[in-house]
Amino acid sequence: VVVKMIPDNRLPPRHLHSVRTGKTFAVIKWESPYDSPDQDMLYAVAVKDLVRKTDKIYKVKSRNSTVEYTIKKLEPGGKYHVIVQLGNMSKESSMKINTVPLSAPDALKIITENDHILLFWKSLALKESNFNESRGYEIHMFDSLMNITAYLGNTTENFFKVSNLKIGHNYSFSVQARCLYGGQMCGEPATLLYDELGTGKDSSATKSGRATDVAAIVVPVLFLLLVTLGIGFVVLYMRHRRLQNSFTAFANSHYSSRLGSAIFSSGDDLGDEDDEAPMITGFSDDVPMVIA
């Protein structure tokens, strides 16, 4: 069975949807009110800017059953209401689209001064052709201890000074392209955590400081231990040398060359040596006496 729709110019376009969305454009697609149009059909595409409260109307002519159209000259981070209908003001199909916001600034970092800090970042114009430095940036701060977010201000420079920070509070700073028209059409924020442990330094500096403090304690202790061990080894070595020398001297004093060994005797044996020695009684007459 083949079914063919009866052409009716009062029907709305079918299956209106977004194909792709960028920072300044949006690609939309829809189908004709009925299959296989036999003539060119004129569509009216109305784009309503929900932020600026402005309207633009574009005319699109096509005989295809599926129509694809690119809406240009949109703004990054914008909100739009798109309406598509036939040129005879028939029933309409509508949808909402949000364009991609500007990117977050790169290389956000913190430099700590005596009584304040400085936020630094790269210019957004280096990677966003749709961003003008005259638009500027806005800075927000979140205090995790108080659970509040504060708007600090805006600047057209690539740095911002922050004062009156409280010790013991953890802060998160965010920098983004300045919002337009009542806090809308903002850029993506770049966020950085500061004062993680309430020491007045950023988290990386705090971790580095803690490592330095530990090293300052551990290194001297290890050095003292090594010196003590060295002195102990020297003392033991000297005592060992003295004991060895004393024993050698003692052994040499009791060495008998006739026996080829050292003789050690107890105190009881000292008194018996004279008893065992032969008694000299006299000299024989036939033995010549030599007088020197």
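Glycine is treated like the rest: Cβ placed from N, Cα and C.
Features of the protein shown, as given by TrEMBL:
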DOMAIN    12-107  domain 'Fibronectin type-III'
TRANSMEM  214-237  transmembrane segment
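Within its own chain, the transmembrane segment (214-237) is flanked in space by no residue lying at least six positions past its ends with a Cβ under 8 Å from the stretch. DSSP places the residues of the domain 'Fibronectin type-III' (12-107) in helix, strand and coil in these numbers: 0 helix, 53 strand, 43 coil.
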